[in-house]
Amino acid sequence: MTGTVDRRLVLLGATGSIGAQALDVLTRYPQLARLHGLAVGGSRPELVAAQVLAHRPEHLVVSDPERAEAVEAAVHAACRDAAQAPPRLETGQDAVIALAGALGEGDVVLNAITGSVGLLPTLAALASGARLALANKESLVVGGHLVTDAAAPGQILPVDSEHTAIAQALAGVRHEHIEHLVVTASGGPFRGRSREQLAAVTPEQALAHPTWSMGRVITTNSATLVNKALEVIEACFQFDLPEERVEVVVHPQSIVHSMVTLVDGSTIAQASPPDMRHAIGWALAHPEKLPGLAAALDFRTAQSWTFEPVDEETFDAIALARAAHREGGGAMAVYNAVNEEAVDAFFTGDLDFLGITGLIRAVLEHPGRPRAERAGGVEALLAVEAWARSAAQALLTAPER
Ligand code: NAD
Ligand code: MG
């Protein structure tokens, strides 16, 4: 890429796994964009200060007002020592949404927030006309058509290794030539275990992912296969296909990041060593390529790649998500919201591992579950979400548990 850097970047979730790797990419390829603003939750003040010093954003938002003071103190101290002007600091969720919508055409917003709290920033970024590099899969899963209707063709570039792979495999492929997508799954740390063996697994065991180093929620979701379930739905919306045309296959080496099978029987795969900087750099630079972005596969050493079916009976997360997606009407918002509550409860010891998808199933089967009509917009969806969270909490604290 050449030319002056007049393209701006807003990075939401800067201190997370994806956010920090995105700043690595930006350090190595400064021609990609100028950092306009950062949004963080606020749990890592020293890291925010280091990021501000290195990248000099004009704006900094801390979503959690209770953490803003500590972040401000760290950032101001660092900027004073470096004789650098501090960024303008704002706090609260509305400020995150405003920052997400602050840019425009030709600019890029990377949404790397965890959870459905990323939905409103996603909608704000889409409305602004900026490119949306989307790691926050929850906003697409929960928002569904609300998000795809708000997006111009090509405006969303997925930052999720599977979807980034599919987007690359689909380059030059017409939509009617797609037979189905094949999303690969590492299988997580508990691949091959029975339900009996899963009953007693601990949060520490769930956090030991075999191939990827990621945030706590997505790592737990990888162990339950909820992450793969969310990714099936993400693929449906990102590539406009029904769920029955999105297959999942276990590929423990995490080298083939996903595939597309065409109507003529050909399958196109994207392969590279597991490194999220590939997906991040792809989405930021597209349609350019960043030379040397990540290591390539080395076929001078012997290797074998294996593929096997998913054990859907042991891991029921995918079947539950498929059913919720077929139903529509906010059922996926319920699925995701209950999962977020369940993951928290798993870490506090209030729910065992199998209880995570058990709770999702129980709330989805709740006779009083409300539906969100498409015409109701984002408010209807958020109301369904709020209902799901309180239904999940009610079940978690019910005396018979
Ligand atoms: P993480 O937990 O490591 O980081 C989340 C970031 O969001 C942190 O900087 C946190 O401070 C910030 N944050 C939290 N609440 C916020 C809010 N309300 N407003 C602004 N910032 C807020 O998570 P992660 O692993 O980097 O994942 C981020 C997203 O990317 C998730 O949706 C995840 O599913 C997706 N993703 C991650 C990976 C990966 O390798 N980590 C791969 C594919 C997709
Ligand atoms: Mg993924």
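Each Cβ is built from the backbone N, Cα and C atoms, and glycine gets one as well.
Taken verbatim from TrEMBL:
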- Thr15, Gly16, Ser17, Ile18, Gly41, Asn136, Glu138, Gly215: NADPH binding site (BINDING)
- Lys137, Ser161, Glu162, Ser186, His209, Ser222, Asn227, Lys228, Glu231: 1-deoxy-D-xylulose 5-phosphate binding site (BINDING)
- Asp160, Glu162, Glu231: Mn(2+) binding site (BINDING)
- 9-144: domain '1-deoxy-D-xylulose 5-phosphate reductoisomerase N-terminal' (DOMAIN)
- 156-239: domain '1-deoxy-D-xylulose 5-phosphate reductoisomerase C-terminal' (DOMAIN)
- 272-390: domain 'DXP reductoisomerase C-terminal' (DOMAIN)
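Contact annotation for binding-site residues (Gly16, Gly41, Glu138, Glu162, Gly215) versus ligand 2: Glu162, each with CB under 6 Å from a ligand atom. When other Cβ atoms within 10 Å of the Cβ of Gly215 (NADPH binding site) are tallied across all protein chains shown, the result is 16. Gly16 are the binding-site residues among Gly16, Asn227, Glu231 whose C-beta comes within less than 6 Å of an atom of ligand 1, given in sequence order. For the binding site of NADPH, formed by Thr15, Gly16, Ser17, Ile18, Gly41, Asn136, Glu138, Gly215 according to the record, the largest Cα to Cα distance is 18 Å, rounded to a whole number.
In this structure, Lys137 (1-deoxy-D-xylulose 5-phosphate binding site) is part of a helix by DSSP. Between His209 (1-deoxy-D-xylulose 5-phosphate binding site) and Glu138 (NADPH binding site), the C-alpha separation comes to 20 Å. Around Gly41 (NADPH binding site), the same-chain residues at least 6 positions away in sequence with a Cβ under 8 Å from its Cβ are Gly13, Thr15, Val62, Ser63, Asp64, Arg67, Ile113. Cα of Gly16 (NADPH binding site) to Cα of Asp160 (Mn(2+) binding site): a span of 14 Å.
You'll find the Cα of Asn227 (1-deoxy-D-xylulose 5-phosphate binding site) roughly 10 Å from the Cα of Glu138 (NADPH binding site). Using a 10 Å Cα-Cα cut-off around Glu138 (NADPH binding site), the binding-site residues Asp160, Glu162, Glu231 reduce to Glu231. A separation of roughly 14 Å, to the nearest angstrom, links the Cα atoms of Glu162 (1-deoxy-D-xylulose 5-phosphate binding site) and Asn136 (NADPH binding site). Of the chain residues outside the Mn(2+) site list Asp160, Glu162, Glu231, Lys137, Pro158, Ser161, His163, Thr164, Val183, Asn227, Lys228, Glu234, Ala235, Ser258 have their Cβ within 8 Å of the site's Cβ mean position.
Cα distances from Ser17 (NADPH binding site) to the binding-site residues Lys137, Asp160, Glu231 are smallest for Asp160. Taking Lys137 (1-deoxy-D-xylulose 5-phosphate binding site) as the reference point, the binding-site residues whose C-alpha atoms are within 10 Å of its C-alpha, out of Ile18, Asp160, Gly215, are Asp160.
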